[in-house]
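As written in TrEMBL, here are the features:
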SIGNAL    1-22  signal peptide
DISULFID  32-47  disulfide bond
DOMAIN    61-211  domain 'Cupin type-1'
BINDING   106, 111, 116  oxalate binding site
BINDING   109, 111, 116, 157  Mn(2+) binding site
């Protein structure tokens, strides 16, 4: 009985391994242009008929234009993901241009679905990311024109222009739709709001301070 059960286990392992090796890890066709009109709900976007593909499905123009940095953070992100280029669907990559006013910042945030690699095109930036609990170690560096820095997927990171001139960076991300969660906006600007008592205890500050911050969002 023991020999039979052992043999049966080996057969199951062999079958599962065979199935894993036979799966399709990547593209099954040249491209899958997002069909934003489809009523089919999938993890991403359904594909439109490739016979209807147009060159415009793979094109975007506008990264030469500076974003409007006249806001509280002094920065602007021009995203180029599947929402802007339908042909990016399923390809696992996207771009963004980030403009920074003097002393502007891209505030602490995460990309839940992508690693980011950032290249400074103009100016200087102080950048960094923080590792997960319990270490919460900060890795930070000052970047100048031509410097490149990586922010691992899902980790809180930021960029700050400490100079008196504007700065520009290009970010590449390992997802067609990386998503962004800005920490302050999410925590203090949720709808409905998180209880002030909860946030006061979490941030170890007086509730009046939490109410004041809530009001900013």
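Don't overthink the numbers, they just go from 1 along the chain as shown.
In case you wondered, yes, glycine gets a Cβ from its N, Cα and C as well.
Unlike curated entries, TrEMBL annotations are predicted automatically.
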Checklist entry - Cα distance, residue 47 (disulfide bond) to residue 109 (Mn(2+) binding site), nearest Å? => result 31
Item to check | Spatial neighbours of residue 106 (oxalate binding site) that are distant in sequence (at least 6 apart) but have CB under 8 A | outcome: 73, 75, 77, 98, 100, 158, 159, 160
Checklist entry - Hey, how far is residue 47 (disulfide bond) from residue 111 (oxalate binding site), Cα to Cα, in Å? => result 25
Item to check | Count of other CB atoms lying within 10 Å of the CB belonging to residue 47 (disulfide bond) | outcome: 18
Next on the checklist: So if I measure Cβ to Cβ from residue 116 (oxalate binding site) and keep only same-chain residues at least 6 apart in sequence, which ones fall under 8 Å?
Outcome noted: 150, 151, 157, 171, 172, 173, 174, 178
Item to check | Cα-Cα distance linking residue 32 (disulfide bond) and residue 111 (oxalate binding site), given in Å to the nearest integer | outcome: 23
Checklist outcome for this item: Cβ contacts within 10 Å for residue 109 (Mn(2+) binding site), all chains included, total 19
Item to check | Sorted by sequence, non-109, 111, 116, 157 residues with Cβ within 8 Å of centre, Mn(2+) | outcome: 110, 114, 129, 151, 155, 156, 178, 180
Checklist outcome for this item: Surrounding the recorded oxalate site, with Cβ no more than 8 Å from the Cβ centroid of 106, 111, 116 and those residues left out, we find 96, 109, 110, 114, 118, 151, 157, 171, 173, 178, 180
Checklist entry - If you skip the near sequence neighbours and keep only those at least six away, which residues in the chain come within under 8 angstroms of residue 32 (disulfide bond), Cβ to Cβ? => result 45, 47, 89, 90
